[in-house]
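Note sheet for the following structure.
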Amino acid sequence: MLRAGSVVTCIACKGLLPSRMGVKFRVPLQKLHPLSRAIHHRYSANNNPQRPPHCSAARHYTSLSRLPMRPPKSRSGGHGYQQHRTFWVARLAARLLKLRYILLGSAVGGGYTAKKTYDEWKEMLPDMSEYTWIVPDFVWELSENIDLDKLASALPELEEIAKLLPDMEKIGENFTFLKSLLSSETTGESALRAPDVPPASAAMADSGDKQFKKSSDKEKVDQLQEELLRTQLKYQRMLERLEKENKELRKVVLQKDDKGIHQRKVKKSLIDMYSEVLDILSDYDSNYNTQDHLPRVVVVGDQSAGKTSVLEMIAQARIFPRGSGEMMTRSPVKVTLSEGPHHVAMFKDSSREFDLGKEEDLAALRHEIELRMRKSVKEGQTVSPETISLSVKGPGIQRMVLVDLPGVISTVTTGMAADTKETIFSISKAYMQNPNAIILCIQDGSVDAERSIVTDLVSQMDPQGKRTIFVLTKVDLAEKNLASPSRIQQIVEGKLFPMKALGYFAVVTGKGSPNESIDSIKDYEEDFFQNSRLLKDGMLKAHQVTTKNLSLAVSDCFWKMVRESVEQQADAFKASRFNLETEWKNNYPRLRELDRNELYEKAKNEILDEVISLSQVTPKHWESILQKKLWERVSTHVIENIYLPAAQTMNSGTFNTTVDIKLKQWTDKQLPHKALEVAWETLQEEFARFMAEYKGKDQDDIFDKLKEAVKDESIKRHKWNERAMDSLRVIQHNALEDRSITDKPQWDAAIQFMEETLQSRLKDTESVIADMVGPDWKQRWMSWKNRTPEQHTRNETKNELERLLKLHEDHTAYLANDEVTTVRKNLEARGVEVDPVLIKDTWHQLFRRHFLQKALLHCNLCRRGFYYYQRHFVDSELECNDVVLFWRIQRMLGITANTLRQQLTNTEVRRLEKNVKEVLEDFGEDNEKKVQLITGRRVQLAEDLKKVREIQEKLEAFIEALHKEK
């Protein structure tokens, strides 16, 4: 007897396992396992084992569907199918639980591979530390101004990010539900039919799962996109806020610079105080064409003579850009040397310190100097007279101020400006002609003395040699190349060159390699002079060699010159200050001494007050001037292209149709543009009117150029709102579509508007006719005027055409050809030769006058026609369609003026005020613009007084500190 539980179990297994897990094949039944035969054959009452062999579908069972080889025991009970507990679910769970080991191993291996890949990529990236000099100075200080707490608060919360992650609880519930489906057991007939259903049900389940997965993925993508947009908007707002704060901080810094607000006072060294005075004097000299006589060390020499190398040895750092044979020093470089605990360099206008002990900082400093030099050179020039100020501090550095000048050249090569040689000579002379300047003359010892150019220049500027120090460079090459060592002795004794000097020095500034360090150059220099025959044979004295002795001698000479001349310079500036103050008191006794920046701030406030006055214009004034200007702009088009052509028709319906078509075309194409042009011109005129009215109230005329420039630039930048034209077109179209005049006052206003317009046109037409026919008999007798032959011909033509109009008062606007011929023949009969073109031209003006006179009579009749219009009576004499047309035009003008007034007061005036503020800010940051717009002797005198006072105060402070040091 077959067991029902086994049959049910097999059917359940076949339903759970897809068909692809086994390959169907046909085998004889007797070759199957006895249990398989029991499963694959239906139960029958007779237990006959003898059955004919037949083919049956069999499967290769996997480990998930393994069945016991021993036949299961039957339960106690009757016949039929019996439930049988199986352990296939437990086996399935055991197989699934093995996945955790696979996942854990994959995670560990994947993490290791990812880390290894990241390290490989990181090694392939270039070292960006060498390019830190590209980043501007303010970026390094940005971290001090950024509030990290605010940035952290602006980032998404952890809970919001967690919402975007997959819901693990839902995944667990789905897995439990799937497990329950797999573990459920079916009974009865439905269980037996299960093998026939699985393909369709499985397909439906798979499609449902895929659809659910697609929908969930789509929801996740939408959530991620929304979160990305929210984050983007949040950072955009942060960026806008930071830009606004940066702009405000920049404005505060500019105001501090302009108003002279100083930071906390820091005690400065003596040399720093002196260098600051020289910087102020340098600006004062370049702006006012004056020369100070304060001492400084001027380094001059031929190109590639070693000037820069000598200066670097004194500064103990390779701070200047180098080039093999080409010009590298393109502008004067003022170097303030002082002693300090750390070897650093800093520009005058920057707070960044360059650590001269680090090679990357040295490279950045050299690059910055080269950039500043190239920036100072104007287009089409090779060198610049602008000075670059640099301070160098370090242990063992002698205190002094040196100025490195461009090397003197003998020939202008390709790529240089034609006046390069003369410019270098003029710059060198400007520094050397200072009677207190110390000239450090650098001469290349490896070239012939006869090729020297700078020695002649120095001998011209200091013929007695009282402030010149001669330096012979590249002595090692000179000793090696020169056959006669006595020639070097003649140079350092001052016998070879036609110049005199306070002292003569011989130095070695390295082997010529740009990569040599200062220490290696010093060692090489000391070794050379210790082993040199020049020193051993007595040709050179010990105090005349090495850059160390040179720097000590130059420093002593510098400070000696400073002590002797600084008080004299202070007295000179004191006298200059007295002269300037006296001139101010005599010429401007009741005015405060305001420099250019202070005057600009005053003018800025006045201009902003004038702009604010625009908001005080009354709406009635805006609308009246807008309506008046708009009608002046469009009246010709309305009369000539709309009213006159439509009025020639004799039918009321044709008149209205023509008017509607022409009004629609006019509204779609021209009218909105004309209206915006009128509004823009009105805004400009009102702005100019307020500035002119404000000018009369004790305004300083020194601001006229500035105010005019601000007004022009603001108007140039102002653009009308683009959406205004579309809305205005709709409003105008709706206003012109309305034909219903509701009350008598509107009717009377339209008639008055029409009469004024027609009378104005009639007056213009009569003036044209009077010019055509010349003076009448009264003017000829009273004013002694005569008609020209053409005027006489036109007068005869006019008289003939007037007769025609009297006969045909309802004549059309154009003459027929036979009528032209008749008029011409009548005139010829009276001896007047006339051209047909002249006849038509005269007819046009006469008919125009005739038509306008008739229209005025009709307009007068329509004064009593409102009742007929309101009741829609049909009366040919009182068809006042032209009155309705003028009412539509008048109403459109009023509505347009009201709309434009709202746009002006609500939007455009504020936008114009914003433009004015931006223009004022831009002009305030442009010093050249301020110098160009605020000019005059009064401004110049105030600027001179401010500078001279500042120089005198700093000189007195320096002299006081100098006396204390003594």
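Every residue gets a Cβ built from N, Cα and C, even glycine.
Feature annotation from Swiss-Prot assigns GTP binding site to SER304, GLY306, LYS307, THR308, SER309, GLY323, LYS474, ASP476, THR509. Counting every protein chain shown, the Cβ of SER309 (GTP binding site) has 24 other Cβ atoms within 10 Å.
Listed in sequence order, the residues of the same chain lying 6 or more apart from ASP404 (Mg(2+) binding site) and placing their CB within less than 8 Å of its CB are VAL299, LYS307, THR308, LEU311, PHE320, THR329, PRO332, VAL333, VAL335. According to Swiss-Prot, the Mg(2+) binding site annotation covers THR308, THR329, ASP404, on the basis of similarity to another entry.
Look at Swiss-Prot and you will find 213-259 (among others) tagged as coiled coil, backed by sequence analysis.
Swiss-Prot lists 901-966 (among others) with the feature coiled coil.
Swiss-Prot lists 207-217 with the feature compositional bias 'Basic and acidic residues'.
Here the domain 'Dynamin-type G' (291-567) returns a mean pLDDT of 85 for the predicted model. Look at Swiss-Prot and you will find 291-567 tagged as domain 'Dynamin-type G'.
Annotation comment: Swiss-Prot describes 189-217 as region 'Disordered'.
Annotation source Swiss-Prot lists region 'G1 motif' at 301-308, citing sequence analysis.
Per Swiss-Prot, the feature region 'G2 motif' maps to 327-330; the stated evidence is sequence analysis.
Per Swiss-Prot, region 'G3 motif' is recorded for 404-407, and the stated evidence type is sequence analysis.
Taken from Swiss-Prot, the feature region 'G4 motif' covers 473-476, and the record attributes it to sequence analysis.
For the region 'G5 motif' (507-510), same-chain residues at least 6 beyond its ends with a Cβ under 8 Å from one of its own Cβ atoms are 306, 309-310, 312-313, 471-476, 516, 520-521, 524-525, 528-529, 545-547, 550. Residues annotated as region 'G5 motif' in Swiss-Prot, with sequence analysis given as evidence: 507-510.
Sequence annotations record features per position, and here Swiss-Prot assigns region 'Stalk region' to 595-842 (among others).
Among the features that Swiss-Prot reports, region 'Paddle region' is placed at 742-862, with the record citing similarity to another entry.
The annotation region 'Stalk region' is assigned in Swiss-Prot to 880-934 (among others). Per DSSP, the secondary structure of the region 'Stalk region' (880-934) breaks down as 52 helix, 0 strand, 3 coil.
Taken from Swiss-Prot, the feature topological domain 'Mitochondrial intermembrane' applies to 113-776 (among others), supported by similarity to another entry.
The Cβ of THR308 (Mg(2+) binding site) has 24 neighbouring Cβ atoms from other residues within 10 Å, across all protein chains displayed. With a cut-off of 8 Å between Cβ atoms, the residues of this chain six or more beyond the region 'G1 motif' (301-308) that come close are 320, 322, 325, 327-329, 404-405, 407-409, 441-444, 451-454, 473-474, 509. Secondary structure counts, DSSP: the region 'G5 motif' (507-510) has 0 helix, 0 strand, 4 coil.
Within its own chain, the region 'G4 motif' (473-476) is flanked in space by residues 305-306, 309-310, 442-446, 488, 506-509, 511, 528, 532, 534, 545, which lie at least six positions past its ends and keep a Cβ under 8 Å from the stretch.
SER309 (GTP binding site) falls within a helix when secondary structure is assigned with DSSP. Of all the binding-site residues given, namely LYS307, LYS474, the one with the smallest number of surrounding CB atoms inside 10 A is LYS474. What surrounds the Mg(2+) site, by Cβ distance within 8 Å of the Cβ centroid and not counting THR308, THR329, ASP404, is the set VAL299, LYS307, LEU311, PHE320, MET328, VAL333, LEU405, PRO406, GLY407 from the same chain.
Each of the binding-site residues SER304, THR329, THR509 was scored by the number of other CB atoms within 10 A of its CB, and the lowest score belongs to SER304.
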